[in-house]
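Enquirer: Below is a structure I'd like to ask you about.
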Amino acid sequence: MGEVVKDGREEVIQAWYMDDSEEDQRLPHHKDPKEFLSLDKLAELGVLSWRLDADNYETDEDLKKIRESRGYSYMDFCEVCPEKLPNYEVKVKSFFEEHLHTDEEIRYCVAGSGYFDVRDRNEAWIRVWVKKGGMIVLPAGIYHRFTVDSDNYIKAMRLFVGEPVWTPYNRPHDHLPARKEYIDNFVKVNEGGVIDASA
């Protein structure tokens with residue numbers, strides 16, 4: 001069953017290199033010509049991904065297995081849209097500030113869609129479009145940012161190991177141990193190493 005879920009990831013999670021345009025952050029920002037990345041290439045940066053059944057998350061055995069194997073004991077939901085989030089425009093701009101966390105950021109899109117932008121090894125931005133059913137894990141120490149897309153709506157399950165800690169450290173915070181560990185594990189790694197994107 002897990003293989004079927006894994007094989008359909010590209011339908012709910014897509015990644016591409018971004019252009020340098022200053023246009024609205026909610027636009028796709030494709031390069032011309034478009035330059036897509038595989039989810040396995042994303043995994044080389046530590047970004048893991050799954051496709052799950054968002055309509056049945058309460059009883060989904062695959063989600064339960066992932067939570068148990070990775071120790072995700074706490075869960076809540078975050079809805080990002082003008083109607084549900086106070087100070088919506090201010091919040092959306094703050095989410096788009098480049099930052100890192102000292103813990104993994106786990107997000108499972110159960111409705112809507114949004115963009116998670118991550119830096120590659122050469123500091124280029126990769127845009128990761130997560131739609132309903134897509135779950136991603138951003139490793140501790142990776143510089144990233146988030147924005148809704150032009151639909152202005154995402155409902156995401158947030159998962160944590162233990163008590164929820166969501167402290168953003170805006171760039172630069174290269175001195176943090178989580179950043180140094182990220183660089184050692186994913187930036188300085190042997191280019192020949194292969195990492196499974198749904199590990």
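Each residue, glycine too, has its Cβ placed from N, Cα and C.
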Enquirer: Among His30, His144, find me the residue Swiss-Prot lists at the same Fe(2+) site as His99, His101, Glu105.
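Expert: Answer per Swiss-Prot: His144.
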Enquirer: Might you list, by sequence position, any residue in that chain lying six or more from His101 (Fe(2+) binding site) with a Cβ less than 8 Å away from its Cβ?
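Expert: Within the chain, His101 (Fe(2+) binding site) has Cβ neighbours under 8 Å at Leu138, Ala140, Gly141, Val165, Trp166, Thr167, Pro168, Tyr169, Ala178.
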Enquirer: Does DSSP put His144 (Fe(2+) binding site) in a helix, in a strand, or in coil?
Expert: strand
Enquirer: Identify all same-chain residues not among His99, His101, Glu105, His144 whose C-beta atom falls within 8 angstroms of the centroid of the Ni(2+) site's C-beta atoms; report them in sequence order.
Expert: Leu100, Leu138, Ile142, Tyr143, Arg145, Pro168
Enquirer: Including all protein chains shown, what's the count of other C-beta atoms within 10 A of the C-beta of His144 (Fe(2+) binding site)?
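Expert: Counting Cβ neighbours of His144 (Fe(2+) binding site) within 10 Å gives 21.
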